[in-house]
Amino acid sequence: MAAPVIIVGSHVWVEDPHLAWIDGEVTRIDGINVHVKTKKGKTVVTNVYFPKDTEAPSGGVDDMTKLSYLHEPGVLRNLETRYELNEIYTYTGNILIAVNPFQRLPHIYETDMMEQYKGIALGELSPHVFAIGDAAYRAMINEGKNNSILVSGESGAGKTETTKMLMRYLAFLGGRSGVEGRTVEQQVLESNPVLEAFGNAKTLRNNNSSRFGKFVEIQFDKNGRISGAAIRTYLLERSRVCQISDPERNYHCFYLLCAAPPEDIKKYKLENPHKFHYLNQSSCYKLDGVDDASEYLETRRAMDVVGISNEEQEAIFRVVAAILHLGNIDFGKGEEIDSSVIKDKDSRSHLNMAAELLMCNAQSLEDALIRRVMVTPEEIITRTLDPDNAIASRDTLAKTIYSHLFDWIVNKINTSIGQDPRSKSIIGVLDIYGFESFKCNSFEQFCINFTNEKLQQHFNQHVFKMEQEEYTKEEIAWSYIEFIDNQDVLELIEKKPGGIISLLDEACMFPKSTHETFSQKLFQTFKEHERFAKPKLSRTDFTISHYAGEVTYQSNHFIDKNKDYIVAEHQALFTASNCKFVAGLFHALHEDSSRSSKFSSIGSRFKQQLHSLMESLNGTEPHYIRCIKPNNVLKPGIFENFNVIHQLRCGGVLEAIRISCAGYPTRLAFYDFLDRFGLLAPEVLEGNYDDKVACQMILDKKSLTDYQIGKTKIFLRAGQMAELDARRAEVLGNAARVIQRQFRTCMARKNYRSIRNAAIVLQSFLRGEIARAVHKKLRIEAAALRVQKNFRRYVDRKSFVTTRSSTIVLQTGLRAMIARSEFRLRRQRKAAIVLQAHWRGRQAFSYYTRLQKAAIVTQCAWRCRLARRELRMLKMAARDTGALKDAKNKLEQRVEELSLRLHLEKRLRTDLEEAKVQEVAKLQEALHTMRLQLKETTAMVVKEQEAARVAIEEASSVNKEPVVVEDTEKIDSLSNEIDRLKGLLSSETHKADEAQHAYQSALVQNEELCKKLEEAGRKIDQLQDSVQRFQEKVFSLESENKVLRQQTLTISPTTRALALRPKTTIIQRTPEKDTFSNGETTQLQEPETEDRPQKSLNQKQQENQELLLKSISEDIGFSEGKPVAACLIYKCLIHWRSFEVERTSIFNRIIETIASAIEMQENSDVLCYWLSNSATLLMFLQRTLKAGATGSITTPRRRGMPSSLFGRVSQSFRGSPQSAGFPFMTGRAIGGGLDELRQVEAKYPALLFKQQLTAFLEKIYGMIRDKMKKEISPLLASCIQVPRTPRSGLVKGRSQNTQNNVVAPKPMIAHWQNIVTCLNGHLRTMRANYVPSLLISKVFGQIFSFINVQLFNSLLLRRECCSFSNGEYVKTGLAELEKWCHDATEEFVGSAWDELKHIRQAVGFLVIHQKPKKSLKEITTELCPVLSIQQLYRISTMYWDDKYGTHSVSTEVIATMRAEVSDVSKSAISNSFLLDDDSSIPFSLDDISKSMQNVEVAEVDPPPLIRQNSNFMFLLERSD
């Protein structure tokens, strides 16, 4: 790699012994060495340095391929920056790096986050483990290929949690919703806690470390649904069962079992963990924040889900308990040499417990532990083991049992889940241990590192392939890129024959082989190998140079750990066990060992498993996740650079970067290149060149050669970016000097002008002072002249006024005398006229009174005659129908109820008034008392003051008299008295002031109490009104529900079937007579002739219904803004009295007609038409129908209407002749407005129809809303991010924007205008169909809420959207929406604009200047009061200024936000920073009824088809 070109002043990274890398500024260059002043102030001389990108975003980049300088310090700094902001995921191409936060971040793993990443291309949203899972799933679905996700990292890096999240997301994508019972995805997910319980343990580095590797193959069918799964495990750490170091723990299952419920403890004969040898080797028994008792129950539940029966679970935990008891068996020396026996009673007890749990003979178990049988050709020899070998035999038995128990659990899970032979594709998730290098490395580390060497080779090949695909896609010329191939290391380990594993197997087959002979064999075989070395100070250790560094292995236990055999005595013991489960484990093992007589070791078998795994991975499309542990103390907020660099190296990330640097590490889009380096050739920006041509011109001008230009990007070799930055820095430095020179010139000119202006001001002031002195002298002289003139005028005027006043007094007296004489004459004449007028008026009034009495007598006689005639007619009608009597009784009952309620209301109001009066009286009395006290206090003060004054006067007179020696005592006493009186006066004055203050405060309290009393009175009135309204509403709903329940219970199936027949009779008023006919209830005809007319009536009624349904099935439009169909249906149902019958089919047929009209309907016009009709018809029903037991019809009572029947009849005679009859017998009942709609006690079919119609209204509303969302969704994707315009020609565009920077370019808001066009279209459609304004405003309110949710969520998930220019773009678009809301008026939009509060405040935060000066309080209370702390933290950390280069909020604010987010995440139920879309119905039936204006139903013209039919003539009746 060529050395980067730098100059003095460049910023570079240099090595640091404490921070790994530290940044500084170049101060001097000496050949290849540079002098760098670090940020700590220290000067470093080095020749190893890397350029630093000073323009890198403050929050880092989400994909490290976007870094201008792709090198180790740049990668490290980017990861550290993002980790500080809780951004734990970062891409490196399509590789995901996950840094363990060591704290819970539940808000980024919730279901709504899964929905956001579903179907989104990789890299479009912020880095996330869900994005990798989705990319694998989409590649499998679209390309039909098998995919794999490889999760790697060292212990504690978060591999297990990452794998669980991946499997959870894949189950979310491929799950089956609504399926009952155990599904495959549930079993796959629940297998994790089972395997964790038996395969995970606490280590020094991790509290939940997986001590085995696993590869989960999830199978999918052709529809992308999970159809099966298989789990493969690798290299379980068997030695942990018997040996653990402090403060580690054994496998979790042992501790879970010790914390089981008491009955299980007793069953398995367990005690506290510290009583068992296999557990008390460490002082750690419990994990922080983990409840073993609840985890035990959770594990049992998970075992149920994965298909392990209760009997099998009991057997599993019996084996686990038996292993604990085996560990407590100790041995002592026997009587014979090299023999052993059970040490004590405690060991014997544990032996018996283990035998009982394993269901085998205790003596046989003892013999198997301490005796061995050797078979020779001559005889069978039985020998006894010494205590050490007996302990080794015990531990071997425990490890063998546990390892095969674990294998059985894995096989059982696979069997239970099942594999689908018809599956089309799979996604494999590999969770395997990362590269390990400790002080002591044994056989386990050797196998683990061998695995990682294999995976690293696969990883390098994949990275190289991705590089080639990138170059090929961009159509640039490329040559072979060299990368370090670790094939030689793999051959060193696995070559057959001659590899380390082969030599180890060879040593295991010879009984006399030791680790020393094995080590010597290695040294002899590989002494010339480049990757193999022998440490100088050890005879048995050996060192291998892996890809991640050198590792020294201790070969002491290699041979023992590589052997895989079972003692024959152990196998015979457990094969004969009475427990089928235990016998099955060892029986299966016996079958496996009997099939092959060839020696099989752990290493060889692991190599075969690894070879099989690599074959599986090679057949899939890989996706990589590298997990990083930021520190070794397992605490959040700590980032250890050396530790992270080591893991990046072990994970192959740095190797991938090196491969990238071998080609073209710097890749910039044309737009970004021109934005950064366009200033190197300003003439290019001023011209109308294509972006690609402009980039070529800049590179040619700077004479660069190591680059390639692709289709969309520029590819730069290593060092070229630094050279461009150096030249750019030079240009910027020259420009800075020019700016400084101009600034200094400006400041000097400004200083000169200020001095000159000061001199001018001083001169002007002096000249002004002289001029003012002269002017003052002239003013004094002029004033003296004016004073003399005015004095002379005053004297002359005073003389004239005196003479004039005397003359006026004389004239006034004479004129007054003449006027009084004239006034007396006029009063006399007026009195005479008044007397005459009163006399004439009295005579006329007497005549009028007599005439009026005669007329009244005549009118009364005539009205009595008419009343008797009408009374006879009413009595005849009452005898025929009996309806009037029922109406009279019901109305009288209603009058009594209303009277009682009125009396109750009056009584409540009277009580309230009395309480008010009493309270006011108390307050007035208290006020009066305080006033009296104040008067008394004032009087006392006055008296005291008078007494003091007298005393002072007396004292003064005394002082004036001559004083003699004998009066000294008297003078002293008087002085004391004066002082006492003065003190008393001051105290009384103070008391008076306090009383005055108390009085004022009492007045204020009195006013406040009066206000509170008035407010309480108003609230009581409002509450009483609200309670009354709610009581009426509840009563109405209870009545409806009661009717519906009773009717549903009483109607038999046969009756229900009859109720749906079209032949059901509907009450109808005949036009010939004012009587009512119903074929089922009234009998106006003779019995023998009843059937034929009734049949004719039913047929006629059926024809009328068919005609009505035929009419409303078509679009019959609107009449003067009123929906004709709704009015037509309502008038017909009222006229036919359909609401009052027990059975009818008309309602069901109307509902079916509406359903057929809107079913699968995509036409907004049709939906809006039926929405308008449904709303109007529901409004009629809401105002008309009420639940009741009878079907009588009542009219709302007007104020002042008489309560008795005859009173109303007599009142009707005094009204107009047209209203003399019953209101429902005239057209006014239908033709009136809403205030005159009569109420009907509806029956079951009518109430059911109302509920069905309400459901259809909500359905139509939802269809319109969802259709609008579907149309707007594609447009919103283009509205969240500002479209990029060609960078060349930008200078010209800037000059135009400078002249008119208010109006945004039309292409920039084209997408927003499309949304406005869509909204206008729907608004016109709804207004054309006269949809109620309430529904229109609710629709747009939810649409704007949807826009708010989509834009806000996209803003929080896409870092490129959280920029200054993007905020301006979205703000411009929101202004378009605000303008539309203003034009559409509040009547139709309502509070829709307020629904955008989240995105408006977020955008306002993006575009505000001087963010670092804003405090958290200002942000949360003034700028963004609606946003939560999680949302503010997300925006603040993702913000970047692509226009002015400013920074986000201060680091102190960020730290405070992070702390609050951490606190909230611990306490809140939901921590998601995303918004949820609300799809509820935001209105009620009452809201619609109250919002709609009066509708004159009678004024609606029926359609021609109805108008021409004589049976519908009642529709043509009009109201006056």
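Glycine residues also receive a Cβ, built from the backbone N, Cα and C atoms like all the rest.
If you look up Swiss-Prot, you'll see 153-160, 206-214 marked as ATP binding site. Secondary structure at GLY153 (ATP binding site), taken from DSSP and collapsed to helix, strand or coil, is coil. Long-range Cβ proximity for GLY153 (ATP binding site), meaning a same-chain Cβ under 8 A and a gap of 6 or more residues, is found for ALA98, LYS159, GLY434, ARG626, CYS627, ILE628, LYS629, GLN647, GLY651.
For the domain 'Myosin N-terminal SH3-like' (7-56), the number of residues in each DSSP class (helix H, G, I; strand E, B; coil) is 0 helix, 30 strand, 20 coil. Here Swiss-Prot flags 7-56 as domain 'Myosin N-terminal SH3-like'.
Marked as domain 'Myosin motor' by Swiss-Prot: 59-729. The domain 'Myosin motor' (59-729) scores a mean pLDDT of 87 in the predicted structure.
Residues or ranges marked as domain 'IQ 2' by Swiss-Prot on the basis of sequence analysis: 755-784.
The feature domain 'IQ 3' is assigned by Swiss-Prot to 780-809, with sequence analysis given as support.
Residues or ranges marked as domain 'IQ 4' in Swiss-Prot (evidence: sequence analysis): 803-832.
Swiss-Prot lists 851-880 with the feature domain 'IQ 6', giving sequence analysis as the kind of evidence. In the domain 'IQ 6' (851-880), the DSSP tally of helix, strand and coil residues is 30 helix, 0 strand, 0 coil.
If you look up Swiss-Prot, you'll see 1148-1463 marked as domain 'Dilute'.
Positions annotated as region 'Actin-binding' by Swiss-Prot, on the basis of sequence analysis: 492-526 (among others).
Listed by sequence, the residues of this chain that lie at least six past the ends of the region 'Actin-binding' (528-551) yet keep a Cβ under 8 A from its Cβ atoms are 435, 437, 441, 445, 449, 452-453, 456, 484, 486, 488-489, 492-493, 515-516, 519, 522, 646, 649-650, 652, 655. If you look up Swiss-Prot, you'll see 528-551 (among others) marked as region 'Actin-binding', on the strength of sequence analysis.
Here Swiss-Prot flags 586-610 (among others) as region 'Actin-binding'.
Secondary structure of the region 'Actin-binding' (610-632), assigned with DSSP and counted as helix (H, G, I), strand (E, B) and coil, comes to 9 helix, 8 strand, 6 coil. Positions annotated as region 'Actin-binding' by Swiss-Prot, on the basis of similarity to another entry: 610-632 (among others).
Under the heading region 'Disordered', Swiss-Prot lists 1062-1100.
According to DSSP, the secondary structure content of the domain 'IQ 4' (803-832) in residues is 30 helix, 0 strand, 0 coil. In this structure, the binding-site residues under consideration are ASN207, SER210, and the one with the smallest number of other Cβ atoms within 10 Å of its Cβ is ASN207. Annotation note: LYS159 (ATP binding site) sits in a helical segment as assigned by DSSP. Other Cβ atoms within 10 Å of the Cβ of GLY213 (ATP binding site), summed over all protein chains shown, number 24.
With a cut-off of 8 Å between CB atoms and residues at least 6 apart in sequence, the same chain places ASN100, THR203, ARG205, ASN206, SER209, LYS629, ASN632, LEU634 near GLY156 (ATP binding site), listed in sequence order. Helix, strand and coil residue tallies for the region 'Actin-binding' (492-526), in that order: 24 helix, 0 strand, 11 coil [DSSP]. According to DSSP, SER210 (ATP binding site) sits within a strand segment. In the region 'Actin-binding' (528-551), the DSSP tally of helix, strand and coil residues is 0 helix, 11 strand, 13 coil.
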